[in-house]
Amino acid sequence: MRIGIPTEVKSQEYRVAVVPEDVATLCQQSHTVLVQRGAGQGSGFDDEAYRRAGATIVDSAQALFAEAELIVKVKEPQPGEYALLRPEHTLFCYLHLAPAVELTDALVASGASCVAYETITDSAGRLPLLMPMSEIAGRLATQAGAHCLEKAQGGAGVLLGSVAGLPPAKVLIFGGGTVGTNAAEVAVGMGASVTVIDPNDKRRQQLQTEFAGADFTVLDAPDLASMLPETDLVIGAVLLPGAESPKVLQRSHLGDLKPGSVLVDVAVDQGGCFATTRPTTHGDPTFVEEGIVHYCVANIPSAVARTASQALSSASRPYLQQLASGPLAEVLAKDAHLLAGLNVAAGKVCFDAVASAQGRDYTPPEDVLALIA
């Protein structure tokens, strides 16, 4: 299989999809690996490291897409990449299509087979390729929130960590999954008073056990009228796999928060879980709405690109090896968990939550396999 690893072109996206160590494994399995010049630079992996691993360095995305069969990226294709996709391509990356109509249009028009990291499942019903980035994003969300609370960043001038003789800052986290749990771990470690909202009974029990002894509360539903006026940092970590995130805070709720409070929306890739969310970048990460600081960076793990690239590459390696092992339709037909990652193929939308979010026709992935180029 000819595998292509392009340089990421999303604004301030420094990660690379496959690190040299895993490229070496692919080359040892007789695959041809093409790496665009500079693809690993933002993560601290130079072209020579890829050459030593057995890859061929190509000068442009155009050359790479023209030769490769399997395109492996971190983030979704950007508008300048749409025309490079062809029906014979398999695209393997994070897609987050539910709120992205223009991107979905482009992928449908390309005819390419598009496998999304974030909807691949495992035997326990987890999302194994979302998990490592969710761990990182959750930890960074609390760090970012603490930074945004500083007066110079537009915040209220509140220290998230505890200080002797003073009450701790209060953190409210929507969602007790991987992102929310990691955000809570950091917040508790800093000495904050943490409340997590999660509707799942079993998950709430697990969290209560995990954080026993800490200044920690877990609830099935929030009393926003009483909680928001006392909250310093709100973290949105609500996930509906492959679907658009529900809005847990409306614009009207901003008036209940103290001026200089901070909202961090980790779900921005899926449309965001705050009504006032709009995507931001690492270069310009925040904006203020009605006195409330919003941090809505759409690629939070890119801030620690080397760690994130290594974690993603390690987690995705077995799935990448599967995709490269034979004709795509045959590979997917043998593995329902990998098939769950197929979002678009042969001009069809084959992930139900995406079709539903965008009002498109849905074609079951099993029915699309016969149409794949």
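Just so it is clear, glycine is given a Cβ too, placed from its N, Cα and C backbone atoms.
Features as listed in TrEMBL:
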- HIS96: active site, proton donor/acceptor (ACT_SITE)
- ASP269: active site, proton donor/acceptor (ACT_SITE)
- ARG15, LYS75: substrate binding site (BINDING)
- SER134, ASP198, ARG203, VAL238, LEU239, VAL266, ALA267, VAL268, ASP269, ARG278: NAD(+) binding site (BINDING)
- 4-137: domain 'Alanine dehydrogenase/pyridine nucleotide transhydrogenase N-terminal' (DOMAIN)
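Distance between Cα atoms for LYS75 (substrate binding site) and HIS96 (active site, proton donor/acceptor): 9 Å, as a whole number. Once Cβ contacts within 10 Å are tallied over all protein chains shown, the recorded positions ARG15, LYS75, HIS96, ARG203 are led by ARG15. Straight-line distance linking the Cα atoms of LEU239 (NAD(+) binding site) and HIS96 (active site, proton donor/acceptor), rounded to a whole number, equals 11 Å. Of the listed binding-site residues LEU239, ALA267, the Cβ environment within 10 Å is emptiest of other Cβ atoms at LEU239. For HIS96 (active site, proton donor/acceptor), the spatially nearest entry among the recorded positions ARG15, SER134, ARG203, ALA267, ASP269 is ASP269, judged by CA separation.
Using a 10 Å Cβ-Cβ cutoff, ASP269 (active site, proton donor/acceptor) registers 25 neighbours. Long-range C-beta contacts of SER134 (NAD(+) binding site), restricted to its own chain and to partners at least six residues apart, with a cutoff below 8 Å, comprise GLY177, THR178, VAL179, ASN182.
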